[in-house]
Each structure stands twice: as structure tokens, then as C-alpha cells.
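Asker: Just dropping this structure here.
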Amino acid sequence: DDWLALKPREPSPAQCCGSGCKPCIYDVYEKELAQWERAKAKQDKSLLTEKKGQSNNSELNPDTFTAFSVSSVEQLTEDTYQYKFELPGNSSLRLSLGQHIVLRGVVNGLEVQRAYTPISPGNAEGYFEVLIKYGELLMLAAGTGLAPMLPILQSITENEEDETFVTLVGCFRSFGNIYLKPLLQDLTRYWNIRMFYILSQESSLEKLPWSYQENTYIGRLNEDLMKTIINSCRRKPFVLLCGSSAFNEDMSRYLKAAGLEENSCFVF
């Protein structure tokens with residue numbers, strides 16, 4: 001069990017940006033898997049200490065990732081941030097004109113990498129900067145209100161350059177009433193998609209498959225739970241709402257209590 005916990009996790013297709021990065025996230029996975037297999041064969045966990053292949057200097061290597069510290073984050077617009085990374089001493093990235101770098105990090109428990117072109121001067125010393133644009137959607141759907149959400153979700157996941165974070169909250173009577181479970185579960189494999197289920201007539205989470213228990217609530221979506229979900233978002237989301245008239249009215253009231261303006265919500 002200890003060794004299985006240390007085994008590298010195979011990336012999903014959504015974690016690859018498709019830009020021909022070197023190394024690709026799949027290259028990194030294959031390298032780390034081979035390292036894990038060697039360590040396991042020798043029963044020597046110390047062989048995993050170099051698992052990430054990272055160094056702490058400014059020399060960029062196309063075969064490994066290098067660790068840098070974030071020195072500042074500045075919000076430029078509602079959904080755009082400027083990240084400044086430290087370089088040791090007065091060193092510089094020494095990139096050629098038009099070259100990009102690949103940033104890697106963990107989002108929603110998944111390792112994600114994306115290609116960015118630094119906006120700092122090529123000869124900048126001691127730092128480099130990149131622009132990262134975030135968008136966030138909160139989808140609230142009751143029953144068949146799930147239908148208009150799916151094309152939007154699929155358009156986001158099919159666009160490799162779309163970095164919109166999406167939280168889908170589906171409200172159903174019971175686990176058996178959840179529509180399109182295989183499709184929804186497949187969508188949660190994407191690094192920028194997460195889902196919550198609210199089941200009003202289930203009596204216990206223990207009756208549900210284990211893969212649903214962590215992100216499912218028993219009861220109704222009330223004002224307190226709405227605030228909890230909104231507070232878990234990275235930034236104030238734009239809300240898409242679809243359900244019965246009573247559901248839409250209740251949700252609109254909860255959203256207002258949570259501090260969201262009317263112009264931050266669209267009702268289908």
C-alpha cells in the first residue's frame with residue numbers, strides 16, 4: 001500500500017496542453033514511473049527523492065522542470081493576473097525571441113502544465129513575469145436543468161486554450177435520478193472541472209459509490225451551503241442557473257445573500 005501511494009499518477013488527456021512541450025507531461029510521467037519501478041524493485045524509497053528532477057538555478061533544461069518562487073501576484077483585470085517569479089542572484093532566463101516556457105503545478109489534485117511566453121524583457125535580471133488569465137463559472141442545475149450546461153462544459157473541455165474553472169452543482173432527488181453519470185464522471189477528469197451533487201431524498205452517503213461520497217451532500221441546497229460553495233471558488237464566479245421557477249427564485253436569493261450581484265448571474 002505504501003508503494004502504491006507513491007506511484008506516479010497517469011495524466012488524463014485534459015492535462016496535456018497539446019503544444020508539443022518538451023518535456024510533455026506524458027514524458028515526465030513515463031520518466032517518473034520508470035524511477036518508481038526501479039525504487040520499488042530495490043525496495044529503496046530514497047531513490048524517489050529526485051522524482052521531480054528539479055533544480056534551483058536559472059538554467060532552463062528542456063528535459064526537466066526547474067523550481068522557482070513566486071515573489072508577487074498582481075491582479076490586472078477582473079480575470080487576468082501578472083505573476084512574478086524570482087531568479088537567483090541577477091541571473092536571467094536567456095530565452096530567444098518568441099520562445100515560451102512551460103509552467104507546471106497542481107490544480108484540484110491534478111498536475112497541470114501550460115505553455116506561456118514571458119512578458120518581462122528578455123534580459124531582465126533576477127526575475128521573470130507571465131500573464132495568466134482565469135475565468136470561473138458556477139453552474140446550478142436542478143434535474144433536467146442540467147441540459148443547457150452540458151454544451152458549455154464540453155466547449156470548455158474541447159478547447160485546449162480555455163482555462164475557465166467550472167463548478168457544477170447538480171440537484172437531484174436521489175442518486176438514481178442523476179442524469180448522464182458516465183459523461184459527468186468523465187468531465188471531472190479535466191483539471192478545471194469539479195462537481196457537487198445535492199440529493200434531497202437520500203438518507204445516507206454510505207449507500208452511494210465511494211467515488212461520489214466526497215462531493216455529494218444530503219438534503220437541499222440552502223443558503224449556508226451556497227456560501228460554502230462560493231467561498232471555495234478561486235474568485236467570484238459568474239453563475240449559470242437552470243431549474244424550476246421555485247428553484248431559480250431560491251437560488252437567486254441565496255446568491256444575493258452570498259454577495260453576488262444580479263449582473264453576475266444568467267437564468268436559463
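Including glycine, each Cβ sits where the backbone N, Cα and C put it.
What TrEMBL says about a protein is an automatic prediction, not a curated fact.
Sequence annotations record features per position, and here TrEMBL assigns FAD binding site to Arg114, Tyr116, Leu131, Lys133. The domain 'FAD-binding FR-type' annotation in TrEMBL covers 63-181.
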Asker: Sorted by position, what residues of the same chain at least six away from Tyr116 (FAD binding site) have a C-beta under 8 A from it?
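Answerer: Tyr116 (FAD binding site) has long-range Cβ partners His100, Ile101, Val102, Leu103, Val130, Leu131, Ile132.
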Asker: Given the recorded FAD site (Arg114, Tyr116, Leu131, Lys133), which additional residues of the same chain have their Cβ within 8 Å of the Cβ centre, ordered by sequence?
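Answerer: Result: Leu103, Val130, Ile132, Glu163.
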Asker: Taking the binding-site residues one at a time (Arg114, Lys133), which has its Cβ surrounded by the most other Cβ atoms within 10 Å?
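Answerer: Most Cβ neighbours within 10 Å: Arg114.
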Asker: What mean pLDDT does the predicted model reach across the domain 'FAD-binding FR-type' (63-181)?
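Answerer: Summing pLDDT over the domain 'FAD-binding FR-type' (63-181) and dividing by its length gives 83.
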Asker: Where the record says Arg114, Tyr116, Leu131, Lys133 bind FAD, what is the longest distance in Å from one Cα to another among those residues?
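Answerer: Across Arg114, Tyr116, Leu131, Lys133, the two farthest Cα atoms sit 12 Å apart.
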Asker: Please give me the CB contact count at 10 A for Leu131 (FAD binding site), counting all chains in the structure.
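Answerer: 14, counting other Cβ atoms within 10 Å of Leu131 (FAD binding site).
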Asker: Could you give me the DSSP helix, strand and coil counts for the domain 'FAD-binding FR-type' (63-181)?
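Answerer: In the domain 'FAD-binding FR-type' (63-181), the DSSP-based counts are 18 helix, 51 strand, 50 coil.
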